[in-house]
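> Structure incoming, see below.
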Amino acid sequence: MPDELTEPGRATPARASSFLIENLLAAEAKGAGRSTQGDGVREEEEEDDDDPEDEDPEQARRRLQRRRQQRAGSGPGGEARARALGLGPRPPPGPGPPFALGCGGTTRWYPRVHGGYGGGLSPDTSDRDSPETGEEMGRAESAWPRCPGPGTVPREVTTQGPATGGEEAAELAEAPAVAAAATGEARGGRRKKTRTVFSRSQVFQLESTFDLKRYLSSAERAGLAASLQLTETQVKIWFQNRRNKWKRQLAAELEAASLSPPGAQRLVRVPVLYHESPPAAAGPALPFPLAPPAPAPPPPLLGFSGALAYPLAAFPAAASVPFLRAQMPGLV
């Protein structure tokens, strides 16, 4: 019993080894060698029979091409070799579905997939590959979007090319005009106002009027504008600017006064402490009449930056001035 169980176990690898890739390739190579030997003999016979002396070179080339296709497609794996060599049936150039070697390529061989290989899709071997039929190719081409071939031109470009090109040219021509209009509008909105240049006589008249009145009524503004040959708007704007300048000057003066020391701007009044004596008091004592006294000057107002005031009585020369003045006529 154990010997009988072990013998099938040993035979299983032998049976499974027949499906290995090396065995399959070896069998395929043997079949290809036999077919090439038979094809060589048939080719020699056909060349002896089908080569007329007066055959055209173009016809000879076509005949040789057909022989190569027949020779490549015969035997096991012939279709795969024809597909690899590009000798299979060549469809017209044009778009094709995926799995083709480029749109409009030389081959139209599509690997068939079947279910049941592990529950998924398994491609068949190269021996079972075959070109698609006309119906299948039509369905495949209609299911997938077409892409242009080497010598084809896109339909949209040929049909709508001139129209779209004209529209693009018109849009490009209109673009600078639109940009220029937009910049013109922007510049128009940002345009600076022109400044009015006043003459000296106009400025003098305006300044004198401003010293009298800070604000003008509409009638006064109209009369002043007519006399100065200006518009009422110009006179109005000038007075507005002048009032703003006047307010800034007042604010600057107040700020300077607040920052200066407190005793620097104080004014001090200094009274005059002497008076000339009347002539009646000195008349009887003197043998000659006195000259009439000079009129007394008005009391001066002296201002000092400091806080101290110095009276004139502190100076003896200033106190003896009347006596010297009274004695000067006698000395002469």
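Glycine residues also receive a Cβ, built from the backbone N, Cα and C atoms like all the rest.
Sharing the feature lines straight out of Swiss-Prot:
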type: REGION; residues: 28-170; note: region 'Disordered'
type: COMPBIAS; residues: 42-57; note: compositional bias 'Acidic residues'
type: COMPBIAS; residues: 89-98; note: compositional bias 'Pro residues'
type: COMPBIAS; residues: 125-139; note: compositional bias 'Basic and acidic residues'
type: COMPBIAS; residues: 161-170; note: compositional bias 'Low complexity'
type: DNA_BIND; residues: 191-250; note: DNA-binding region
type: MOTIF; residues: 251-261; note: motif 'HMX family specific domain 1'
type: MOTIF; residues: 264-277; note: motif 'HMX family specific domain 2'
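Help me picture where these features are in the structure shown.
Shown for the DNA-binding region (191-250): DSSP residue counts in helix, strand and coil, namely 43 helix, 0 strand, 17 coil.
Beyond the motif 'HMX family specific domain 1' (251-261), no same-chain residue lying 6 or more positions past its ends has a Cβ under 8 Å from any Cβ of the stretch.
Regional average pLDDT for the motif 'HMX family specific domain 2' (264-277) in the model is 58.
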> Do you know the DSSP helix, strand and coil residue counts for the motif 'HMX family specific domain 1' (251-261)?
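Result for the motif 'HMX family specific domain 1' (251-261), in helix, strand, coil order: 9 helix, 0 strand, 2 coil.
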